[in-house]
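Under the heading domain 'NXPE C-terminal', TrEMBL lists 64-135. Summarising the annotation, TrEMBL assigns domain 'Cas1p 10 TM acyl transferase' to 296-695. TrEMBL lists 311-333, 363-383, 395-416, 437-458, 464-481, 493-509, 515-535, 547-569, 602-620, 641-658, 670-688 with the feature transmembrane segment.
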Amino acid sequence: MAALAYNLGKREINHYFSVRSAKVLALVAVLLLAACHLASRRYRGNDSCEYLLSSGRFLGEKVWQPHSCMMHKYKISEAKNCLVDKHIAFIGDSRIRQLFYSFVKIINPQFKEEGNKHENIPFEDKTASVKVDFLWHPEVNGSMKQCIKVWTEDSIAKPHVIVAGAATWSIKIHNGSSEALSQYKMNITSIAPLLEKLAKTSDVYWVLQDPVYEDLLSENRKMITNEKIDAYNEAAVSILNSSTRNSKSNVKMFSVSKLIAQETIMESLDGLHLPESSRETSAMILMNVYCNKILKPVDGSCCQPRPPLTLIQKLAACFFTSCIIGYLIFYIIHRNAHRKNKPCTDLESGEEKKNIINTPVSSLEILLQSFCKLGLIMAYFYMCDRANLFMKENKFYTHSSFFIPIIYILVLGVFYNENTKETKVLNREQTDEWKGWMQLVILIYHISGASTFLPVYMHIRVLVAAYLFQTGYGHFSYFWIKGDFGIHRVCQVLFRLNFLVVVLCIVMDRPYQFYYFVPLVTVWFMVIYVTLALWPQIIQKKANGNCFWHFGLLLKLGFLLLFICFLAYSQGAFEKIFSLWPLSKCFELKGNVYEWWFRWRLDRYVVFHGMLFAFIYLALQKRQILSEGKGEPLFSNKISNFLLFISVVSFLTYSIWASSCKNKAECNELHPSVSVVQILAFILIRNIPGYARSVKRPLYMCQVYKE
């Protein structure tokens, strides 16, 4: 009875929640979200720079998320590349000096905060010709005005970026009097036109005053209250925004530091100055505001305009538009033909006469329909990734964001399982299930930003290695059994692997290496093909007649292993090979092939392991050593139990090692040699018991891979 209820329930779920219904729901959700985001953009504006400077929130400790855009974390080399031959000036009090130090440390982390604090502080990096100055002007007065006025003269070289701000000294010196606020308003009114003039040729930012933690303030600073700071900020915003009559002020308000300070000022040592992490965040925001439009980082969408369409992108858009129009024409023609062929009523008998003429669907129409679907999918990808329609957010890892979807998939999988058609080791349905798992888990991994959590990262590396292991196993088995080394087979596989990625490269204007996994699989496929196709071509049919050929194949695999080791430990030789034209056009990223070398090296042995496993398995299968019948264990009971025990121990041992890994570089170095342990352990656990080998679970994982 329970089994009957279970089957009925499963049928109900399958009836209402099919792949087709999931696609329809996803399409409706996308259209609704697109409409909401479009309305939001039109209502709130589309200036991501303004959002970066004025709004945001903390995702977690020390991780700042601007509203609707992504902030890039600049490295030393990137900062120097952006600021080459640039001059940046910071003008103000001790808080601006703190911001100056944090900004300089992005360029040179060894720069020390030393010397007389109440004086000008210069910094220069001669390698990049970057000059950053701090000018001590703690009050908005005649001294600050004179400093700014000098830059407005045509004969004087102006800084490319000016960051100014001051108020707390005025509050402190004048004991928070209302006369001091009035004087502040007069002084800032006098320098506003000068700042506006500078803003026409330079980037000018006025830093609003951060709140203080009044309980920690010393006695001589007790007059600096948040109420006074708000009054000074309101005055600065009102005057600087009204400095131009008919247009928006070119002086940008740096108000985001206020929001940062509201969350972190409690960690201040004196109640006035922000903790170092908060200053670093503000400095990184400044770097993003200026450098994103210059370097255009992939993960930095703030202050980065939509890139102009290239000629290839325009041609792709025209092609997909033509396909959509062509398909619509076919659709209208067929619909009109269908109307003409509708059943008509016989006037004498009153019965309907059916027209048996059916309009055939041409192969051209099917092709246009396929390109129409592909074009709509690519348009959606472009709107998400390259346009500014949807809000974007930096990845931030939490355990719940990664593990809850994984647990949900596992629980859902209980309702989706059935017997496989084959019971062989690593049969097609089992490998499809495995690949489906890999795709879903890696998707969740990337969406949740789990690469920052080392245990998850190491287990995901095994999933990637498992896919490459299957690449070695599957293609070796095909060539070994079929002996089909024709160019038609090679082109078929290369097309299947690369078609979608090539279209993405065209539509997204990205280099081929940007989607590094497909180049990785493609290169390894060619390595397998060349290894087996080179003379002497050794296939199963030939080897069955003479065992000598088995040793010949093992010798080939040995030479392949030596070649892999040579390239892995000779970065120069690897880079010379892949820097040659036309390989360089495919594998270069940011002008070099280092990223490609790093990715290739991470899983350098696993394809070889997959080929060797396939050879051993097929040899054992040929000699009928394995029992692959339905429900039968793969070996005798004793051997099966022993191998299962070893596999479970090995699987758990690797998982414990990966979970306790502390250094990413060291773990990456060990990973190529030890990842095969967990892969083989899983294969044996999944295939030695007859029941496990003959069931595909969860069933929908196979469908995920096929889709």
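The backbone N, Cα and C atoms fix where each Cβ goes, glycine too.
Whatever TrEMBL says is automated annotation, not expert-curated.
Each of 311-333, 363-383, 547-569, 602-620 was scored by its Cβ pairs under 8 Å to the transmembrane segment (670-688), and the highest score goes to 602-620.
With a cut-off of 8 Å between Cβ atoms, the residues of this chain six or more beyond the transmembrane segment (547-569) that come close are 527, 531-532, 534, 536, 538, 577, 600-601, 604-605, 608, 611-612, 615, 619, 672. Against the transmembrane segment (363-383), stretch 311-333 shows more Cβ pairs under 8 Å than any other of 311-333, 493-509, 515-535, 602-620. If you average pLDDT over the domain 'NXPE C-terminal' (64-135) in this model, you get 93. DSSP states for the domain 'NXPE C-terminal' (64-135), grouped as helix (H, G, I), strand (E, B) and coil, give 21 helix, 20 strand, 31 coil.
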